[in-house]
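K.L.:
Mind having a look at this structure? Questions to follow.
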Amino acid sequence: MSRRVVRQSKFRHVFGQPVKADQMYEDIRVSKVTWDSSFCAVNPKFLAIIVESGGGGAFMVLPLSKTGRVDKNHPLVTGHTAPVLDIDWCPHNDNVIASASEDTTVMVWQIPDYVPVRSITEPVVTLEGHSKRVGIICWHPTARNVLLSAGCDNLVILWNVGTGEMLLALEDMHTDLIYNVGWNRNGSLLVTTCKDKKVRVIDPRKQTVVAKNFEEPIALQEMDTSNGVLLPFYDADSSIVYLCGKGDSSIRYFEITDEAPYVHYLNTYSSKEPQRGMGFMPKRGLDVSKCEIARFFKLHERKCEPIVMTVPRKSDLFQDDLYPDTPGPEPALEADEWLSGKDAEPILISLRDGYVPVKNRELKVVKKNILDSKPPPGPRRSHSTSNADISTPALDEVLEEIRVLKETVQAQEKRISALEHKLCQFTNGTD
């Protein structure tokens with residue numbers, strides 16, 4: 001009799017669980033735009049969601065701790081003149097987020113640690129270079145201030161956000177609409193998927209396609225007959241890929257190994273309601289004390305529901321095997337170093353004692369003197385709202401202080417009123 005050998009894996013029992021109702025984010029009008037991005041971006045400080053807005057494009061930013069019902073007058077990030085299609089948090093600054101829009105521009109925003117009184121309308125820098133709508137943005141994993149954008153003009157542009165200038169324009173590489181773009185771990189190569197059914201591995205600095213037509217896949221996994229778009233999220237620390245179907249109600253996850261058959265199905269998290277989009281928390285934003293290895297932020301029509309993926313363990317001690325050192329918030333390179341050909345692996349941090357987000361660091365945009373530099377090719381250009389340090393407007397801080405003081409005064413007035421009422425009761429009782 002032959003015995004079936006079960007493959008050993010510490011991730012065989014990963015299970016997903018939604019948070020309690022009071023830990024969700026309610027009353028959010030999630031965007032109805034028909035676009036294949038995730039509509040959601042999250043980091044250890046903030047949750048950002050593309051929302052419906054009249055007369056332009058907007059997204060909402062919430063502190064992670066601000067769960068429950070969202071005030072209908074909650075300030076938005078508005079500035080685009082057409083719907084926002086994609087958003088992405090900077091991996092090296094938790095207060096900086098980029099947005100791409102149908103209005104052909106990319107905008108980079110500084111988000112304050114406090115909730116602003118009014119909507120944020122002034123980006124730190126606006127990047128103009130695409131001739132059609134911009135549907136994809138993706139920050140470089142290791143180089144400071146390097147941002148990639150891809151538009152419906154079949155063009156990929158790399159920007160230096162710190163100077164507001166275009167670094168590279170990858171033209172004539174794609175014959176059709178670009179579906180998605182991703183960097184490798186050290187940002188030396190990028191991969192694109194395209195409507196022409198080709199996957200391209202590109203060296204952006206040499207502006208060459210390294211690989212295009214892959215003869216045979218090393219593994220083929222039949223998913224389902226649904227025609228919904230799959231949003232893939234890969235965790236390099238655990239070698240697990242999570243596939244979330246847009247319009248689907250499940251998250252399938254697989255472990256990737258170096259030996260055949262390479263792809264191993266682990267499990268499926270299923271729920272009743274379909275997802276409109278999905279956010280994926282970086283590893284440094286997880287709760288290591290609960291053996292949490294992934295956290296998703298599932299968008300419904302009117303709310304956002306966090307889903308926690310955990311590996312059950314009996315011990316309360318830190319689980320070294322689940323949490324190898326992971327990329328931290330410090331960049332390994334400056335933009336000009338990367339552009340000159342230098343590569344560097346991410347700077348890793350330990351999660352043994354958990355991760356505490358750093359305080360608000362302002363993004364500085366220093367424009368170069370245009371008289372001393374050659375203009376970028378073609379009519380593409382960029383402009384910044386300022387030449388020097390861009391900071392959260394002082395007016396916002398004053399208004400915020402006024403609001404806090406008013407709330408304090410109102411609370412004191414309520415307390416005085418309650419004490420006077422009590423005094424009346426005492427007086428009447430005495431009479």
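Cβ coordinates are placed from backbone N, Cα and C, and glycine is handled just like the others.
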K.L.:
Of the residue ranges 115-142, 199-226, 339-366, 395-422, which one carries the coiled coil annotation in TrEMBL?
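P.N.:
TrEMBL lists coiled coil for residues 395-422.
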K.L.:
Any residues 6+ beyond the ends of the repeat 'WD' (127-169) with a Cβ under 8 Å from its own?
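P.N.:
Residues packing against the repeat 'WD' (127-169) from afar: 35-37, 82, 85-92, 98-108, 175-178, 180-183, 185-187, 190, 192, 202, 204-205, 207, 327, 331-339, 343-347, 363-368, 373, 376-378, 380-384.
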K.L.:
Mind checking which residues of the chain, 6+ beyond the ends of the repeat 'WD' (171-212), have their Cβ under 8 Å from one of its Cβ atoms?
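P.N.:
For the repeat 'WD' (171-212), the far contacts come to 36, 135-136, 138, 140-143, 146, 148, 150-152, 154-156, 158, 236, 338-339, 341, 343-346.
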